[in-house]
């Protein structure tokens, strides 16, 4: 029987399913040459090679939403695939699956799984007898004859050779990690320039001047960085995600309970009428189901986002903790690069909603009003209607002049009106409303915003207009943008009122020039206001009598001008 067939029959031999950590989720068999993807999920090298490419980097202008800087960091020829477990986009090296890090922890699980079978292990030296013992130094399984020979040789006489049954009972078996160039040696050193574990011979020949250090010393540094990211950043993230997911699940139960209660009220009311009222009952239930599906879809979307974020963070943390607690020095160093990249990426850019945006929903927004008139059918008056007090983001409206235009140094105002799915204003407050006003062209330039709850579904928003220019106004309810958000706001420079005194002759002699200046050095663009009909100094507020409009006559104007 071939080796793959033996792996496939592991479950049949033991009578129990194999360890899931030793099985590839693509081929559902024991791992063969397991490789770690950048998302920290492990698959057989052949299974990774059969994944359909999602994208191929050719150093052209990115069109898939990646930034140009991120695209420039990817080597030419890099293939992007979707992880079969989490659907994340992961990059494969140009050399293919062979360039990925080997998952030695998975190989160890496969090794333990093969030992758990009832079939005997073969001797690693003669290949004929059944193995009874194992050399802890040479890491080989030995039959009785080879065990005696092993103990008689001077070079191996001092090696401890415990029996396999004893090792199985205490879980002391471990598959050795050997050097790819010197299969008889384990890598016990670490080369910092090459970022690789190396054996003694490789350190002496290929890495002579690289300052190799003991793997035990190197793992303290890199293992500490992994522990820091897990403990300080990702474990708190896991707790927040669990709490948010629990809130969503509670909301689903409350919503379902409220919907069921409203349906019972509808049926009880409808039994008082005959067939006409029964038709009305069906229409009410249809409306109720629409509201139920609408709100349930929103909760399902939140649940899916939180579950996926929890799976990503939980899987990465579990892998990192297993690597640190169960992996050898070489195993930790072999996988530390991909592990740190994944952990750091999740800590910096992962989905991490604010808990205030995941407020519990007790379903109180869905109500049945029994006494509301519902028209007539066949001469029979009908009463009873379903109302949704839940906010429909697509129906909300934002009104006010301050939403589109602002003046430097002045306060702008606009109003958010929350509406339900029927377009009616929600007659209650308490929604989590978040408004941001950010300059589009300048970094770290955001305006201070004040939101006041009107307790009737309306929310007054005011801000102090800062530097002139274009701004983006984001209006969010429960962490989601209302329809049309973000809005475009243009803040203009303030025009200062000018109350200077100027001589008519100086204006007249300028021929109505817009560049004419008064005593306060202000420019005087404007309309014809001079007593002699010339284009003059701003809007006319106080003209002198025609008889006084002689050379040198003084009169006062009030104008608007740019400083």
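From the backbone N, Cα and C atoms, a Cβ is placed for every residue, glycine too.
Keep in mind the model is a prediction, meaning the values are calculated, not measured.
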Residues flagged as coiled coil in TrEMBL, choosing from 154-181, 182-209, 210-237, 238-265: 238-265
Across the domain 'RING-type' (24-87), average pLDDT on the 0 to 100 scale: 75
Tally of residues which DSSP labels helix, strand or coil - the domain 'B box-type' (174-221): 13 helix, 8 strand, 27 coil
